[in-house]
Structures are given as structure tokens and as C-alpha cells.
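First comes the structure, then the notes that go with it.
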Ligand SMILES: O=c1ccn([C@H]2C[C@H](O)[C@@H](COP(=O)(O)OP(=O)(O)OP(=O)(O)O)O2)c(=O)[nH]1
Ligand SMILES: [Mg+2]
């Protein structure tokens, strides 16, 4: 698919997000900040990415996800856990950077902070009913099938 992209920060012109390998699902998003930012343990900051996208088609959405290295090694994940980008959103992509770790983390200008994944979406119509057609699971959940 092709999506409209606006480059809001000139520094991105020579380091546009791209799929790093042929099989990559995510496009890395960079921290478009003017100087280093120290994220104290527990702190959350909204970080601009210098990029806007317009998916336009309600059959798509984009997800902002943490990078595994930053999340696992440094505790840098997302304040909203997952960012959901609507197909009609035209503003700058923002990353809620949360230091869930015990150590301060220095975020460097233009470092790759999170990743963007484009996903298909189905908008559901409601068919209001009094009772569902029976299923094997019924209302069982939250471990109802056991652990092993
Ligand atoms: O990590 C994120 C999450 C959201 N957004 C933008 C795109 C999205 O389409 C819009 C609204 O996001 P969401 O619906 O999750 O937030 P809300 O709190 O419900 O705000 P709104 O009332 O604007 O829908 O904010 C980001 O840039 N980054
Ligand atoms: Mg919303």
C-alpha cells in the first residue's frame, strides 16, 4: 500500500523511516528533539517524531510499538502501552516515552525510539441480539481451559 507522508522535521529528509530488512514489519520512528532529554525513572514525555501520515482508508490503522531492545534493556516503553493511529489522523505522530525502569535514560536527538506498524482493520456493524448462538466456550475465559 502507499500512504501520504509529511516530513515535518528537515533532519528526517536523509533518515526517513524505512523497512530495515525485506521481512521487517515495523518502520522505526525517531525522536525529533532539539537536545538530549533525560527521562528519570517513572517519567513519561511526549516525543515528536517529525512525521505525519494520512492512511485515509478506514481499512487500515497504524500501531506505535516499543522497540524490544530499548524496552527490555533500558525500560523505555510507551506511556499508553500501544499507540493507535486512526486512518483519518493527520497530525504529527507522537510517541509517549515512558521510563518504566530504575535508571535515568538519556534520549538522544534523532535516535530510533519506537516503531510503526500498519495493520488492516475491520469496522464492525452491530447486529443486536437477545441471545448468542451457543459456542463451545460460552462465557468461559480467564484461564477456564486450565494451564497445561
Ligand atoms: O501514541 C500515539 C497515540 C495516538 N496518537 C494520535 C493518533 C491518533 O489517531 C490520535 C488519537 O489517539 P487515541 O484515539 O488513542 O487517543 P484519545 O485519547 O482517544 O484522543 P482522541 O479523543 O483525539 O481520539 O492521537 C499519536 O500520535 N501517538
Ligand atoms: Mg480516541
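We count from 1, first residue shown onward.
Cβ atoms here come from the backbone N, Cα and C positions, even for glycine.
TrEMBL entries are annotated by machine, without manual review.
What TrEMBL says about this one:
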{"type": "BINDING", "residues": "67, 68, 69, 80, 84, 85, 86", "note": "substrate binding site"}
{"type": "DOMAIN", "residues": "15-146", "note": "domain 'dUTPase-like'"}
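This view paints the features noted in TrEMBL onto the structure.
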residue : record                 : Cβ contacts under 8 Å, 6 or more apart
67      : substrate binding site : 28, 76, 112, 113, 114, 115
68      : substrate binding site : none
69      : substrate binding site : none
80      : substrate binding site : 96
84      : substrate binding site : 61, 62, 63, 64
85      : substrate binding site : 53, 55, 61, 62, 63, 64, 93, 116
86      : substrate binding site : 55, 61
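Among the binding-site residues 67, 68, 84, 85, the residues whose Cβ lies under 6 Å from any atom of ligand 1 are, in sequence order, 84, 85. Taken together, the residues in the domain 'dUTPase-like' (15-146) have a mean pLDDT of 98 on the 0 to 100 scale.
Remark: secondary structure over the domain 'dUTPase-like' (15-146) totals 7 helix, 51 strand, 74 coil, with classes taken from DSSP.
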